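So the structure is just underneath, and the comments pick up after that.
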Amino acid sequence: SAGGGSSSSVAERLCNFICDFSDCSDENQCGYLRSSAVLGTPFTCDFEEGDCGWQDVSTSAYRWVRGRASLATWGTGPHSDHTVGTDLGWFMVTESPPAKTKATAWLRSPVMRETAATCEIRAWYHLSGSGLNLTEQPVLRLAMLYRDEVVGLWQSPERGGEGWHQLVAYPGRITEQFQLIFSLTQPPACKAELALDDIIFSNCGLQGEQQVCGAEESHCSQGSCLARHRFCDGTDDCGDGSDEDTTQCESFTLCPFEQGFCSWKAEAGQTEWKRNTSLNLGTAYGIPTRDHSNNSRTGFFLHVGSASAAGAGGIAQLTSPTLQATNSCSLVLYCHLHGCATSSLSISYVTGSTTHLVRERTGDLGSCWVRERVDFNVTTNFQVLIEGVVGGTGTVAIDDLILSPGCVQEQAMPVIALPSRAGAGPCTAEEVACDSGDCISAELACDFAETCADGSDEKRCGATTFEVGAGGWHDVSVGRLHWGVQRATEPADTAQPLRVFPCPGAFLALQAGEGQMVAAAKARTPLLGPSGPACAMEMSYRIHSGPQGFLAISITDHTTGTTHLAWQTWGLSATAGGHVRIPLGERPRPFQVELLGLVDLQDSASAAIDNVTFVQCHPDVVPPGATELSCNFERGMCGWYQDQTSDFKWVHSTGQGQGSDHTTGSGYFLAVDPSAQWSRGQQAQLITYRQEPAAAPRCLSFWYRLAGPQIGTLTLKLLLEGAEETVLWTQQGTQGSIWHRGRATLPATGRQHGAWDHLTPLCRWQVAFEALRDGFLGDMALDDLALTVGPCGAALSCSFEADACGLATSGQGTWLRQSNSTGTIAGPAADHTTGTTTGHYMVVGTGRGSLPAGRAAALTSQPYQPSAPAQCLAFWYQLSTGTPGSLGVFVEQSGVRRKVMGMSAMEGDVWHRSHITVQQDEDWQAIFEVVGAGGDHGYIALDDLHVLDGACPEPASCDFEWDTCGWSSPSDPRLHSFAWGWKSGVPLAKYPSPEQDHTLGTRDGHYVHFDISVLGPGGTTARLESQHLPAAADSCLWFWYHMDIPEHLSGGELRVMLHSASGQRTVWSVAGHQSRGWRGGVVPVQSPSEFQIIFEVTTWRWPMEGTVALDDIVYSTGGGCHSSLEVPVEEKSSSSFVAEVVLGLLLAIIVLALVAAGGWYCLKRRGLPSGMPVESSAPQGFDNITFRDVRTGVKGSPACPQPH
């Protein structure tokens, strides 16, 4: 039996938020793990290592599962988890919502035991889906199951936008075992998806023994210390009930409202205090889910109830009996203000007919009971007056009123006349009063424009020096810290005076609070807005604290239900402070600015703010320089501003390892990093201020960089007043760590004569660069924006994603811009640019019904300027199977057409690349002409048009100096593959790579590279693919590679593969540590059908580190590998490149002679027929030839394998 007793005592110590074992193994799989490795917080479940014991207990197909975000299904759920912030992180998510019925998915925790009164549960949830716009929203609830009762702790607000939202719940003191339950209830046909992540339990374990207590503290029976004013306050703070012992507390007067109002009196009126239970009041948002006395749905409390809707905003009054004059009377009560930012509760005392306000709480304190304590020091008889005002849909409730022994009831009971209710003023519930007595709409208060004649509607909105009160800031703290106005000469509630600001005057400071939680102090402004794009808040601040202390400003947007951190500073042990400007940006009404602070007042720490102002906040304010759209970002942002409503932001940068700027090489540019900590938003927007209508089109040119193995989409949009946004330009996926030029024509928006002589109206306009977080590895950058008069001219690069780039269609058939998912005629399944069904291309239907035999459809470019003696026109095309007709490419100059290419069939239904070198001395145009052949169905499609300076290289050959020559590297989230990068030797902090290329041997030369450390659980390969090449009988591939992998690691491998319709074969590979220099590779290539060459980096161990780079790829179609003059050697010193070229020419004959002689000698020794390559037998089709060590018989004496 003793054994049974000990096992039961071990069971009682499991999952009680206290590490009873040295390794804390008693606190694992409890609905939390002992800590989160990513977040660094104890008693946390981030779902990265499993479900922490949470179980789906749903009764239908609608259920909870552990899942991940997916970039492949972008837009249908969370685009990243909350812990890691990428698609590699895990969360719990609901799946299979019912189509026609209401349903609930239930998620239950393991059994937990005992929580302290200070326990706080935080979690993050993400709602998404088409159902969020319906009248009936899905509802997420958190409840606890104990004592055979389900008690609600929290429920989601009635409206909320997409994105991650935080929930905070306080279970209160629980003395037995319990379980938590998350439930999501979906209305019929809602199709919303909810994800849940990062459940954190804070301050939930009972306090341990303490040897010595502070001056104002006493010991609990179990050994911990507690402030004396927290004894007999209706909360079991000790955890053993000793602070609420009935013998000790019998002289206190407690009213829990279980049997009635005790000696308190609810004054009759339009609005009254009513006694009720959660069970009777229902589950609407804002209503208390339990009472405070019993933590139960059946326990009673008082709440403000209205006799009619007209009573909203009326005052409910509750009075105590008449009390004797005293200096030792205190009142403790528990208040519940939730569901509305304008609800309030005030505690006053009345003497004669005068009311003296002692404490006021305004705002939404959350779904919890908050302890409040006030002292009365009154020289005559008095009554306590508690007044509640409900705003909007909120609730005000109170419970457990406790009067201390010093509050003595006056037996003679003289009558004290209550003052008339202030609420019975001239203004309605939807109005506010000016100081002059006039009434204005409540929507016009704190809107950054004076409406009252005396300007009083803007005086208590948060802009203040705190000399005459809080200036509109109201404390919404629930813990042992709160914000209060303080003068520099006043001591705080602690032993030492708080000298935060050295100069005299008042400020808002952190002070000891009366709440029972252990949480950061919060203060909020009234409801503000709307605000304009230039809006900012300025303030002075001081903080003196250890590193755990902080000050922060966040912004709560009530339209979307989101809260964003806007500014934060941490304690640094020394006193820190200064003046800060915090952008608030353009926001609809209503929003609130929230001030958060946390310091240890016991440790003489302090924090305060002062001199708060709102700058340029009216929506119509136009800051100076707002029309200046040309910008190099060297001296700020010119006429551009950052959208402040997302956590994903553009940063004004000088590089920080992302590369240099475009203007000077050492200046400023704008950058976004999707993997930066707390980048959780879906997009970062850089927007112009509203511009006046323009009568003529203009050209916006800009330089951009899209780099990294998995980077998302950069888009330029036009925003016209009263119209839907238009995409002007877009680019997706890595374009290398290199600046590229982009251009877009902004159409005229002014009054002009359009078609049929109609006048188009005047439209103000904006343009916005939008960076989407649909990729997490890499960075985007912008620099050197320039706006010029007139359209942009011919696009040198066109993916057809935004528009047709000015290409004009003519002839009998019509070229259409379409994607496969929205197209009206048959076309390729996916485009070439993005490889998806949503990507766009140009296509012409060639069936006899669309384009009869012999009839033509032409697509003509705008004129290109001859910027170099030779230019390369490259494009991708696809012809359907069957009888697609023919595609002819013409170059036209001065009205003279010249055919440069023609084709009428191709192998397979894939995109093929073609290029033409154009040598013209005047402007020229490219014409793509399709001629019908009379087939039943068919199409010819075109995508990714490029014009580059210089002659075109041979297919699949590239030195990577000017572009990647048709070599492409898809980063497909569905295949967990990553893209190769393209860069010069200039080092980047994020992605190590060679400091010199092979072609030039300098830092300025370019190559392609890949960082192996990126590979891991989220992706296993990175592929570099050539264009499709025709069948090869005796071709050869030469290349230079650089594998800088530490010697102790051997998991990284570089392969060369040949891919065709009949399969994929590895024809060359090398693994592990090579040398730090460039090495040469040679691969004979033979294929009986059309094929691609693929370079693939892969790893079979994780984690890995190291870099693979490639340069100077040469593909030769004739004569095999033995006919070339250049034989790559093992090492190459890049600095000796020029000398090597000269020596190479002089020694070519000697080299060839040595190779031939050595090869003949070796072949004779091995008995092989002459003419075969030394290193392998020639591959027949897809024979797998693997070279682990590439060598030639050149260095020193001929290297001959020994006969066996």
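Positions of Cβ are set from backbone N, Cα and C atoms, glycine also.
Bear in mind that the values here come from a model prediction, so they are computed numbers and not experimental data.
So that you can see what the record holds, here are the features copied from TrEMBL:
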DOMAIN    43-206  domain 'MAM'
DISULFID  CYS213-CYS225  disulfide bond
DISULFID  CYS220-CYS238  disulfide bond
DOMAIN    253-409  domain 'MAM'
DISULFID  CYS427-CYS439  disulfide bond
DISULFID  CYS434-CYS452  disulfide bond
DOMAIN    444-619  domain 'MAM'
DISULFID  CYS446-CYS461  disulfide bond
DOMAIN    629-794  domain 'MAM'
DOMAIN    796-954  domain 'MAM'
DOMAIN    956-1123  domain 'MAM'
TRANSMEM  1141-1163  transmembrane segment
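In sequence order, CYS434, ASP435, SER436, ASP438, ILE440 are the residues near CYS452 (disulfide bond), counting only same-chain partners six or more apart with C-beta under 8 A. Straight-line distance linking the Cα atoms of CYS439 (disulfide bond) and CYS238 (disulfide bond), rounded to a whole number, equals 50 Å. Under the criterion of 3 or more C-beta pairs below 8 Å, with sequence separation of 6 or more, the domain 'MAM' (43-206) and the domain 'MAM' (796-954) do not qualify as touching, having fewer than 3 such pairs. Calculated from their C-alpha atoms, the gap between CYS446 (disulfide bond) and CYS427 (disulfide bond) amounts to 17 Å. Following the DSSP three-state reduction, the secondary structure of CYS439 (disulfide bond) is strand.
Least crowded of the disulfide-bonded residues (CYS238, CYS434), judged by neighbouring Cβ atoms within 10 Å of its own Cβ: CYS434. Using CA atoms as reference points, the disulfide-bonded residues CYS213, CYS427, CYS461 were checked against CYS220 (disulfide bond), and the closest is CYS213.
Checked against CYS427 (disulfide bond), the disulfide-bonded residues CYS213, CYS225, CYS238, CYS461 differ in C-alpha distance, with CYS461 being the nearest.
The disulfide-bonded residues listed here (CYS213, CYS225, CYS461) include CYS225 as those with a Cα within 10 A of the Cα of CYS238 (disulfide bond). Between the candidate disulfide-bonded residues, CYS446, CYS461, the densest Cβ environment within 10 Å is the one around CYS446. Here CYS225 (disulfide bond) comes close to GLN207, GLN210, CYS213, GLY214, GLU217, SER218, HIS219: these same-chain residues lie at least six apart in sequence, with C-beta atoms under 8 angstroms from its C-beta. Neighbour count (other Cβ atoms within 10 Å of the Cβ, all protein chains): 17 for CYS427 (disulfide bond). Model confidence over the domain 'MAM' (629-794) stands at 87, taken as the mean pLDDT rounded to a whole number. For the disulfide-bonded residues CYS213, CYS220, CYS439, the ranking by surrounding Cβ atoms (within 10 Å, all protein chains) places CYS220 first.
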